[in-house]
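Written out below as structure tokens is the structure these notes cover.
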Amino acid sequence: MTPIKNQKSSKRDDLQGIRGLAILAVLGFHFYPKQFPNGYLGVDQFFVLSGFLMCMLLAKSQQLPTFSFFTQFYLRRFKRILPLYFLFILCAVFALYTFFQISTVFQNQLSAGKALIFISNRPHTEDEDYFEKLSMAMDLFTHTWSLSVEIQFYFIVPFIFLIGLQLKGASRYIYYSLIAILSFIFHIASPQSVSFNSVFARIWQFLIGMMAYMVSDRQQSILEEIGSIEKDEIFVVDNRKDNKYLYEALETMEQETNQLLEDDEVFGRPEKSRIPIFIKYTVLVISMLVILSPEVIATLPARLFITIFTGFLIVLDVEDVVLNSRFLIFFGDISYALYLIHYPIYAYIELTYPEIMWVVPASLIASILLAILVNKTYERWYLEQSNTIISMLTICLFLVNAIYINKDEIQLYLNKNPTSEMSSNRKYARLDNWNPNMTFDDAERLNAYWNYRDNRTPELQEIGGYKRKSRLGCDFEENRHGYKIAILGNSYATTHHKMIIQECRHRASTISMADVVIVRMAESLKKDQHALRGCFLYEFLLGTSVAETHRKICQVIGESSIHYDTVRVWFHRFKGGDYNLEDKMRSGRPKLDIEEDIGEELEREPKSSVREVASSLGLSKNTVHRRLRQSGRAPKFGQLVPHDLTEPQKTLRCTLALSLLSRKRNTSWIGKIVTGDEKWCFMVNHNRKRQWVKAGEAPKPDTKPEIHEKKVMLSIWWDQRGIIYRELLPDGTTVNADVYCSQIQNMVKQYRLLRPESDRIILLHDNARPHTALKTRNKIRELDIEVLPHPPYSPDLAPTDYHLFHSLQNHLRGRKFDDRAHLETDLKAFFDAQPAEFYAKGIQQLPARWQLFETAITDSFESINLKICKKKKFRWFAVAEPYDNGPDNLNNDTIYLEMKSQLKKMLPNIKKKLFILDSFPRVRWQGIENIAKEMNEGKKTMEEINKSLYEPKQFEFGRHRHAELVKNECGSKCELIDYMDAFWNKTMNAFQYFDSKGFSYFTTTIHMSAHGIELVRPIYTKICAGL
């Protein structure tokens, strides 16, 4: 036993203050990303502080035998970290099972398992990426990646330190510097997903902290004091109470442990050697300006800068009023608990209450209060316990977590029925593990399993496929002779793949599968920046992180295709409510070549005037005019033709529509939309009439209305409850950015009066220049208005155009007005006469219209194409939308023409047969989860339960379109796959989406469940047998 002497020197509270500053930066980044976009740098500070601590602890143990050197280090680290960390995981998983939606469970079970063994920083597998893309969940364990990095570094740092001990003087610093430089080179040379997560790309930050400890001129004196301590009052035994001075240093910086620098062995400088305080204040102020800046700063220079400056702050051991303030020290004390606790709370409010503003500060306060409670109770309790008690506690928590996280898998294994005897007409075991003797309880259990595992249910996965290039699909090799079969579609189609492979493999040489969402992404992203930014927006609205979005896109279109900072800048714009996918309007003289800037501006908006181009680029009007003339450009009128969207514009419409549909599981936010636009109201409104003419006879021409007839501009804003604000502009006034900002200000004021219970406005307006000008965007940001993305040339996605103005135009047709007052009276009477249902209908049509814009994709296969295409997320079937001009006029029907166009692209690549899944009633996901429970309770009949599970209307529109498509465009080469008979219950005279025992045919994300796949299997057995 070695005696240790008590030490009286003052401790380094400023280091605890750095930890407090770092955790506040992280909280700001998560809860208020718009105001603190660089708050993520707090984690980099934690890494530096952690390196300082590790070096200090290793230095104190360097005189011990080798075995004791390692065991002492790991004992200290793990005793401090693991008890609270494992308890946090247990509580988070409990909250997941209790409060979160079932669709979030599987994703978070995977993440919890990785967090439990400290591999949260491991790159995701392709299957995990695919599920994450489909899931609308937020990962409760995202923030544990940094803990994984630090724990992994623990297994490296003792060896780095021991080698360094063999070197003396400058050689030691050269050794550490060389390792740091190599790690930094690896950091900047690696793809962002690697440089962000890899422990080898973060070693340089830990080493900055270690070198900060070594350059301190108190290092040797501390070691000497520790050596003298060993001869005096306190004895080292394997008990925490007797190891007070060794174990009070059990802190980890990255994880925000709570009492790092209350250790009396972290001493300040003697007064005579203090460095001038203004140097420390200078470093501190600059660091705080970088971290707290509201503008996005490039990641690499910001990370390098903060890492080095944090090292300086550690070396500059002089007391200051900022880092030594009680406020920062307090947050440093609770930072470990706060770091662990805050993110699951943030994830829950983002998923459940995304539009209620007061919930964010309330959840932040709740996180702090809960962290204080944990710190003052559980943390303090276990830090006072002996090694034995803490070891037993840690092992128990680990085992309980392992069981609790995997409880569904364990329960499934325990409840697994013996392999059922297959009937003589079956070649394969059932994918749903169903047998006729199962009960309602079994149905409830399996329905829940299918819901949370969804289309990633292991029973639905076929092994043995190999991925094609660019991750655009996979192939399954079967017989050497036979057909080449392709399964094309989105996730709905791929859910069928195992069953189709089982039934058709005897007739196939290759069965290929491709996800059209990924295919379309890869093709469009390489060609069009708007489509690329649309994917940024799509992932942002799903809650995907910047790093994950960057990694996904790079894996599809190439590692060097897009820079990480580009993604981060766009995410920052989205967080600020700016969903405009155009480049920001720049001010001041451009840095790039003027001709290139002018060309880019005109490429973006070819109808811009010279004045508009000059204003956008910050150039003089004469400069722009001169450059345009020198380049040979001349203004010319284009031929007046109906607007035809380009392919990139179509892709963008699809991407934005899908992103809006995927925005949140709860669609109540749609009712909060405020929309508006401008319209010319003529004093004389002509009423054109059709002419009765004989066959082949042309009608007589009508006189074209005078284009200079008197008219007044109407500006109007409304929501699903009625008109909010409208005004007729004075004669001669046009809507520019100044006018529009003033109108927005007035609209918001009126909205607060009419809707005092509402919190935040969700604005939907088009991309007219006044709506997207820099001044307008600043005003919208100032008023804290969220703007929904709107694709260009899309009046069919603007309720004011397709609903309100359409009805208003019908009302105005043939009317004449004497003056503005007469027009104002008529407009007021029209708007007041409309019932609330009229306005609600216009807003509530938006989801159906967003559903129209997922186009099909083609691929080349030689023989047979099994095409199963349904809509993503809500499964609104586009082909079943209402007709444009009735069922007998499909040649003028937008949807039918698109189907026809896609079919013509696909047919040349198919040698034998194209199978297309026909329409059937759209599923309502809300009631699926409770089918078995309601049947078991017996309070509802099967008919009552069934009625709430699907939309009985509109699917016939899709069936009619498919029938005409096959009949007129495809003939015998096409065949429809019909699920009607499989789902039709003759007794109820209705469709039935579950069986008599309560087993559901669909999941809550509207994929077919394993039970549903088995229901339709006979259809594919027949198809494959007939090939």
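Positions of Cβ are set from backbone N, Cα and C atoms, glycine also.
Per TrEMBL, the features are:
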type     : residues : note
DOMAIN   : 14-374   : domain 'Acyltransferase 3'
DOMAIN   : 530-578  : domain 'Mos1 transposase HTH'
DOMAIN   : 875-1021 : domain 'SGNH'
TRANSMEM : 15-33    : transmembrane segment
TRANSMEM : 80-100   : transmembrane segment
TRANSMEM : 145-166  : transmembrane segment
TRANSMEM : 173-190  : transmembrane segment
TRANSMEM : 196-215  : transmembrane segment
TRANSMEM : 277-294  : transmembrane segment
TRANSMEM : 300-316  : transmembrane segment
TRANSMEM : 328-349  : transmembrane segment
TRANSMEM : 355-374  : transmembrane segment
TRANSMEM : 386-405  : transmembrane segment
- Message: Let me check one thing: do the transmembrane segment (300-316) and the transmembrane segment (277-294) come into contact, meaning three or more Cβ pairs under 8 Å with sequence separation of at least 6?
- Response: yes
- Message: With a cut-off of 8 Å between Cβ atoms, can you find at least three pairs linking the transmembrane segment (328-349) to the transmembrane segment (277-294)? Only pairs 6 or more residues apart in sequence count.
- Response: no
- Residues in the domain 'SGNH' (875-1021) grouped by DSSP into helix, strand and remaining coil: 76 helix, 19 strand, 52 coil
- Residues of the same chain, at least six outside the transmembrane segment (277-294), with any C-beta under 8 angstroms of its C-beta? 21, 25, 28, 34-39, 41-42, 302, 305-306, 309-310, 312-313, 316, 318-320, 322-323
